[in-house]
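Chemist: Mind looking over this structure? Questions follow.
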Amino acid sequence: SGVFAWISSLVNSLLTSLGLVSKKGTILLLGLDNAGKTTLLHRLRTGSVQTFPPTDRPHLETFQVEGTGVTFAAWDLGGHEAVRHLWEDYAPDASAVMFLVDASDAARFDEVRDELDALVSEGTLEGAPLAVVLNKCDLPEARRSADVAASVGYEELAMRHGEERAAMFRISVLRGEGYQEAFQWLGAFF
């Protein structure tokens, strides 16, 4: 009945907020090569930043982000063109998708648009929440959110995917800024 479900939800929320119960969710960490996906995962796991070679095989990292009450398992699938075909293979097991965009690399915004469009058009996301995360916003050549949104077709994408299930965030993995909000937003869906 509705009352039981409401009470159950309330108790679960209370236990989660007290840290007695942890929600779990699996996310796909997608984006073009050099967007900062592996660096973000490393920072979440260790608190430090380092440079990595391109990811050549999928790997799974488990971590928590303070303030979310969620244990995230994230698949880092790589972003160079030769491995993008793997994205759809991992999508059915994902609760959410985080798509990183290098906000300082305007020359690749058309390619980002094509990949985001394919994810939504081909039904790869199956209604999962989509966080479009603009990384490297600390760099002087980073574009404004509105410029990136227009260039990658974000508004149309959000309308097609469902505006309540799509959001855009600005982050700097290097400085450790902004990604917490993106994970809090995603965590609310679990």
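The backbone N, Cα and C atoms fix where each Cβ goes, glycine too.
Got these off TrEMBL a minute ago, pasting:
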SIGNAL    1-19  signal peptide
BINDING   31-39, G79, 135-138, 173-174  GTP binding site
BINDING   D33, T38, T55  Mg(2+) binding site
Chemist: Helix, strand or coil by DSSP: which one applies to N135 (GTP binding site)?
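Modeler: Going by the DSSP assignment, N135 (GTP binding site) falls within a strand, counted as strand.
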Chemist: Expressed to the nearest Å, what is the distance separating A35 (GTP binding site) and T55 (Mg(2+) binding site) at their Cα atoms?
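Modeler: A35 (GTP binding site) to T55 (Mg(2+) binding site), Cα-Cα distance: 11 Å.
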Chemist: In the same chain, outside D33, T38, T55, whose C-beta lies within 8 angstroms of the Cβ mean position for the Mg(2+) site?
Modeler: N34, A35, K37, F52, P53, P54, D76, G78, G79, H80
Chemist: Using C-alpha atoms only, work out the spacing between T55 (Mg(2+) binding site) and T39 (GTP binding site) and round it to an integer in Å.
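Modeler: So the Cα of T39 (GTP binding site) lies 11 Å away from that of T55 (Mg(2+) binding site).
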Chemist: Using a 10 Å radius around its CB, how many other CB atoms surround A35 (GTP binding site)?
Modeler: 25
Chemist: Taking the Cα atoms as reference points, how far is C137 (GTP binding site) from T38 (Mg(2+) binding site) in Å?
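Modeler: Spelling it out, the Cα of C137 (GTP binding site) and the Cα of T38 (Mg(2+) binding site) are 17 Å apart.
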Chemist: Give me the non-local Cβ neighbours of T38 (Mg(2+) binding site): same chain, 6+ apart in sequence, Cβ-Cβ under 8 Å, ordered along the sequence.
Modeler: F52, T55, D76
Chemist: Reduce the DSSP letter at V173 (GTP binding site) to three states and note it down.
Modeler: coil
Chemist: Using a 10 Å radius around each Cβ and counting other Cβ atoms from all shown chains, which of the binding-site residues T39, T55, N135 yields the largest count?
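Modeler: Within the set of binding-site residues, the most crowded position is N135.
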Chemist: Going by DSSP, is T55 (Mg(2+) binding site) sitting in a helix, a strand, or coil?
Modeler: coil
Chemist: Near the Cβ of C137 (GTP binding site), how many other Cβ atoms are there if near means within 10 Å?
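Modeler: 23, counting other Cβ atoms within 10 Å of C137 (GTP binding site).
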